[in-house]
Amino acid sequence: MYGIEYSTILTFLISLVFINYLLKSVTRTMDFIIYRFLMIVVLLAPIIKAQNYGINLPITGSMDTPYTNSTMSETFLTSTLCLYYPNEAATEIADTKWKETLSQLLLTKGWPTGSVYFKGYADIASFSVEPQLYCDYNIVLMKYDANLQLDMSELADLILNEWLCNPMDITLYYYQQTDEANKWISMGSSCTIKVCPLNTQTLGIGCSTTDTNSFETVANAEKLVITDVVDGVNHKLDVTTNTCTIRNCKKLGPRENVAVIQVGGSNVLDITADPTTAPQTERMMRVNWKKWWQVFYTIVDYVNQIVQAMSKRSRSLNSAAFYYRV
């Protein structure tokens with residue numbers, strides 16, 4: 001009997017020793033993992049910077065108030081500035097060093113020469129097909145043309161606002177716009193857009209779904225089209241898809257790092273007629289048209305006032321980014 005009790009006690013003691021050894025081994029292993037992880041974090045922390053998304057715009061509610069979401073403070077002078085101008089400006093100036101001259105003048109306003117970029121574009125139509133706004137602050141000069149008021153207004157609406165867009169398959173599906181912020185945006189070398197509104201039985205209202213010639217033409221051979229139809233009504237669309245792409249888009253709010261300067265014209269183009277566009281005339285401005293040198297001198301003089309009406313953003317805009325998330 002005593003032998004059995006001794007064996008039980010011995011087994012119990014051996015188990016305690018084994019468990020104690022096991023716990024110490026686990027503790028050492030965990031300490032090793034934790035210390036190594038902390039060491040890696042400490043080593044990488046100085047070279048890793050959190051992404052700065054600039055401004056948060058709420059998906060619902062008021063779009064007027066931006067909320068700061070900056071993870072680091074940067075000196076104003078470290079920002080980049082892009083100035084977009086029509087190619088005719090460079091042609092009229094006819095000076096190979098005009099950009100260097102403007103860079104030196106902007107330096108007097110506090111903008112280092114390496115932070116300012118000049119980008120020309122052929123015309124409003126071609127610029128609207130592939131807008132590329134990559135700088136922290138982007139100023140777009142558009143020379144007023146009475147024959148291009150609609151194109152100028154649509155381009156301003158596109159680049160002064162953020163859009164969330166998805167592809168449309170018009171061969172398989174009908175589409176409807178859910179509210180005033182919902183638009184169909186088309187881009188391409190030639191966009192002709194026709195629509196046929198449908199009733200609840202999917203029969204055409206004033207048109208035949210099998211005859212595209214009976215569709216209503218809302219745009220003809222344009223490069224940029226922002227289409228607005230009656231909300232809550234299904235539509236069958238006909239689009240020149242070989243030369244144009246169309247996306248179903250939702251206007252999210254203002255793109256605060258872009259300003260449009262209208263060169264010439266009696267009044268600033270009004271893009272606020274759309275109920276979804278908050279008044280933003282402070283970022284849609286006009287300068288008197290004289291000569292391009294005079295225009296650029298005016299921009300240099302007021303560049304800091306213009307930038308103060310904007311907000312620095314980290315998100316760039318190009319045609320691909322526009323289509324899926326701006």
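Each residue, glycine too, has its Cβ placed from N, Cα and C.
Note that the coordinates shown come from a computational prediction; the quantities given were computed from them, not determined experimentally.
Feature annotation from Swiss-Prot assigns signal peptide to 1-50; the stated evidence is sequence analysis.
Annotation source Swiss-Prot lists N-linked glycosylation site at Asn69.
Look at Swiss-Prot and you will find Cys82-Cys135 (among others) tagged as disulfide bond. Cβ-based neighbour count (10 Å, all protein chains) for Cys135 (disulfide bond) stands at 22.
Residues or ranges marked as Ca(2+) 1 binding site in Swiss-Prot (evidence: sequence analysis): Asp95, Gly206, Ser214, Glu216. Residues near Ser214 (Ca(2+) 1 binding site) in space but far in sequence (CB under 8 A, at least 6 apart, same chain), listed by position: Cys196, Gly204, Gly206, Cys207, Ser208.
Taken from Swiss-Prot, the feature disulfide bond covers Cys165-Cys249 (among others). If you draw a 10 Å sphere around the CB of Cys249 (disulfide bond), it holds 24 other CB atoms from the protein chains shown.
Under the DSSP three-state reduction, Val229 (Ca(2+) 2 binding site) is assigned to coil, being neither helix nor strand. Around the Cβ of Val229 (Ca(2+) 2 binding site), 19 further Cβ atoms fall within 10 Å across all displayed protein chains. Summarising the annotation, Swiss-Prot assigns Ca(2+) 2 binding site to Gln177, Asp228, Val229, Asp231, Asp301.
Cys191 (disulfide bond) falls within a strand when secondary structure is assigned with DSSP. Over all protein chains present, the Cβ of Cys191 (disulfide bond) has 24 other Cβ atoms lying within 10 Å. What Swiss-Prot records for Cys191-Cys244 (among others) is disulfide bond, and it gives sequence analysis as the kind of evidence.
According to DSSP, Cys196 (disulfide bond) is assigned to a strand segment. Annotation comment: Swiss-Prot describes Cys196-Cys207 (among others) as disulfide bond.
Taking only the Cα positions, the spacing between Cys191 (disulfide bond) and Glu216 (Ca(2+) 1 binding site) is 14 angstrom.
The closest partner of Cys82 (disulfide bond) among the binding-site residues, by CA position, is Asp301; the full candidate set was Gln177, Asp228, Val229, Asp231, Asp301. Checking each of the binding-site residues (Asp95, Gln177, Asp228, Val229, Asp231) against Cys249 (disulfide bond), the C-alpha distance stays within 10 Å for Gln177. Look at Cys82 (disulfide bond): DSSP puts it in a strand. Counting only same-chain residues six or more apart in sequence, the Cβ atoms lying under 8 angstroms from the Cβ of Gln177 (Ca(2+) 2 binding site) belong to Lys183, Trp184, Asp228, Val229, Val230, Asp231, Gly232.
Note: Cys244 (disulfide bond) has non-local neighbours Ser186, Met187, Gly188, Ser189, Ser190, Cys191, Thr192, i.e. same-chain residues 6+ apart with C-beta under 8 A of its own C-beta.
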